[in-house]
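Only one structure is covered here, and it is reproduced in the block below.
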Amino acid sequence: MTEAQTACATTETPVAAPAAPRWRVADVIALYELPFNDLLFRAQQTHREHFDANAIQLSTLLSIKTGGCEEDCGYCSQSAHHDTGLKAEKLMEVDAVLAAARTAKENGATRFCMGAAWRNPKDRHIEPIKEMIRGVKDMGLETCVTLGMLEEHQAKALAEAGLDYYNHNLDTSPEFYGQIISTRTYQDRLDTLERVRDAGINVCCGGIIGMGESRRERAGLIAQLANMNPYPESVPINNLVAIEGTPLANAQALDPFEFVRTIAVARITMPKAMVRLSAGREQLDDAMQALCFLAGANSMFYGDVLLTTGNPRAEADRKLLARLGMWASEASQLSA
């Protein structure tokens, strides 16, 4: 090596090592394994540092395009691969969607989510969905859509329409994922989330528990979410609804205390996220839902139907919040 090469070698900037994950799976498992009271106490402390602990955001979810999906997700009634008796429908008209949003607002919702059963939207679908987004925002509602995988230009188009959140769940841990779906890779999901983030849209990303996964695999899902940089602003936690005709129709029901633990672990690992009680809430009695709020859930999907499965009735939800001394709040009013 020449003198010049030696000088060059000694002044070369060393390559930085990859940043260590904020949450190792082992760390998340350790949270799960805390005594129940200790876990909820820590989660509630974390929750109060960032949010009004008695405020809940009410969200309504509308299926704007039902059934006929190309994906083979083992939990989903809308997959064309499963015989669930669900008839495929076309994309709803804009006026019909806006009428549903208006009703949701009248019933107390402050967030309106629109879901379409697609592997990915075609470009021709984007324009009417942009109209829906603008119309819902004009009502003063927060907007979220879930349409499947997105291309970069599609994410940018939704951002230009003013979309607040894009939902694209990871569903489960990387290790368990292959047992649930074969038509879309884990990396496909991560790529869509990156495009959403790059477009300047808030990320809504969570998963489903109770699909037969182990606690370690539940911890793997939470670690994946918590280690995103930044972690999602919105984290829906779904409790599997076992639907006749799907591969998971006979899945063993999850211990409800494990569901509450998952809410608490999500709150601790993602302290500033909206943690949302999503599908499967009708499987939890009032006491378990109250424990979920204590564990840090600060949003719930509200209304009689959640995509194609049942949901506790709106009136029952209002009564539960009143019994608990809690109240529905705008997202902007939730922070402490």
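For all residues, glycine too, the Cβ spot is worked out from N, Cα and C.
Just so it is clear, the model here is predicted, and its values are computed rather than measured.
Summarising the annotation, Swiss-Prot assigns domain 'Radical SAM core' to 54-281 and lists sequence analysis as the type of evidence. Looking only at the domain 'Radical SAM core' (54-281), the predicted model's pLDDT averages out at 90.
Per Swiss-Prot, [4Fe-4S] cluster binding site is recorded for CYS69, CYS73, CYS76, and the stated evidence type is sequence analysis.
Taking all protein chains in view, 26 other C-beta atoms sit within 10 angstroms of the C-beta of ARG276 ([2Fe-2S] cluster binding site). In this structure, ARG276 ([2Fe-2S] cluster binding site) is part of a beta strand by DSSP. Taken from Swiss-Prot, the feature [2Fe-2S] cluster binding site covers CYS113, CYS144, CYS204, ARG276, and the record attributes it to sequence analysis.
In the shown protein chains, 30 other C-beta atoms lie within 10 A of the C-beta of CYS113 ([2Fe-2S] cluster binding site). Using a 10 Å radius centred on the Cβ of CYS144 ([2Fe-2S] cluster binding site) and all shown protein chains, the other Cβ atoms total 24.
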